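Pulled from TrEMBL:
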REGION    1-104  region 'Domain I, interacts with DnaA modulators'
REGION    91-249  region 'Disordered'
COMPBIAS  113-131  compositional bias 'Low complexity'
COMPBIAS  156-174  compositional bias 'Low complexity'
COMPBIAS  238-249  compositional bias 'Basic and acidic residues'
REGION    252-468  region 'Domain III, AAA+ region'
DOMAIN    285-413  domain 'AAA+ ATPase'
BINDING   296, 298, 299, 300  ATP binding site
REGION    469-593  region 'Domain IV, binds dsDNA'
DOMAIN    497-566  domain 'Chromosomal replication initiator DnaA C-terminal'
């Protein structure tokens, strides 16, 4: 029976036990070194077809992926009841652990206590994260050994060998004796000491901040819940310069927006695929990623989902979501308080920066200048940038050219208004999430009348459900019509004619009506004419001869050919699909006005 109740740690124990103890002939035997690598694994998450695993070294990652991946995947798939693939990453917080598997193998004699943070036995207390950061006297290896005794108190923040050389010198007076402090306070001091001094953060040879805010054991111990100390154990902070904030606490990512609850359709599939690719490989797939579309179509959802997924795959990533208004206010406050250096550290030490509604930087010269330098700093450091807007970069004419050209240098993905099938799927998901019992015809009524915005769509459903609940009525078609009567368009008001379609198509393609219905056979003119004919078939009840007559007296076979051609293009050409969606919205709006 599939196991859906156990924690990732419990499931992983079973996987390791089955691999280590499987009988001869059931597969290649597991060596002692491979067993040691398996016990170093920290199962971050095992959900919905994939297992996210964290290991302390690249050699462990190679062993898992190259030698053991298939066996692990087979056992996991059987255990959880669905095909399960692996995503293995090296935890930056565990990279001080020895790469030598022999050292890791010695730790397995102490049970599950080690870099994974598992308890030594059921009911035993978890190994504290302090063991990863505060080694004992004489411990110069950086090992996270499974000692059960109390940890010694460090005499200086620089005493932890997990820091790069010179990191302890970042705080003035590090060579003076200091009073002993509890291990948990030592961790907090290590995490915040560099920021508290106002000095630039020391970095490793890879350009990564030395003192990371997250820990592989953050979920297993209170020590992982970093709280900036009220004072530093080093030199006092520089006047008026605030310490850099905890990027995880200030990331502003909403966990309720995920790829799992993002309803995908033809109008947004490309943007979703691009966002997933970026989350799985930040700064390697598409950088920057620019997502544009109208208000209420899911851009913000995609940004939050990207940040959430990226953090699931690599908990050590510094990810921040911010609206352009928040970025502007943050910059203004930093100038007012003379804390620009803190502002720069806060945004330029990130791994992923997401800025929503970038178009609102228009007219803010100082903010545009600062964002330009932030963009350059992140891009040159090979960090991921994700932006959203209500229009493509080339139409952001009020922004500086140097910003627009940088936006255009990456991948541009658009989100169009969803088609009726996608709108129904969105409503079904909303009803399921909010536990609303609703009839199918109610969903169809809402989906066919609210087309331009997902917020408007969901708002109509909530309005109907609330009215039915307050009046103790079922959510049926009659209730829906009564509740929405003041905002539903009257059927009599929506009269779409061939003339309306031709006029809207002419404006859309920047042509005259005479050109649309004329005899010109240039590709652009023919394409516009065929789209208009197709829309006449879709949006009106006119016969083929009537449509042909509206287009300069053409034969009905010409209309048939145009309809067939556009139907095929919609399946193969995304641009044609987008044009149909935009034209349909414009035509219906014109008909209602």
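Backbone N, Cα and C atoms are what each Cβ position is placed from, and that goes for glycine too.
TrEMBL labels come from automatic prediction, so no person has curated them.
Residue 298 (ATP binding site) falls outside any helix or strand according to DSSP and counts as coil. Annotation for residue 298 (ATP binding site): same-chain Cβ neighbours under 8 Å, separated by at least 6 residues, are 262, 268, 415, 454. Taking the Cβ of residue 299 (ATP binding site) as reference, residues of its chain lying under 8 Å away and at least six apart in sequence are, in sequence order, 291, 292, 293, 356, 388, 415. Compute the center of the Cβ atoms of 296, 298, 299, 300, which mark the site for ATP; besides them, the chain residues with Cβ within 8 Å of that center are 293, 295, 297, 301, 302, 388, 415, 454.
Secondary structure of the domain 'AAA+ ATPase' (285-413) per DSSP, as helix, strand and coil residue counts: 68 helix, 24 strand, 37 coil. Other Cβ atoms within 10 Å of the Cβ of residue 300 (ATP binding site), summed over all protein chains shown, number 19. Helix, strand and coil counts from DSSP across the domain 'Chromosomal replication initiator DnaA C-terminal' (497-566) read 51 helix, 0 strand, 19 coil.
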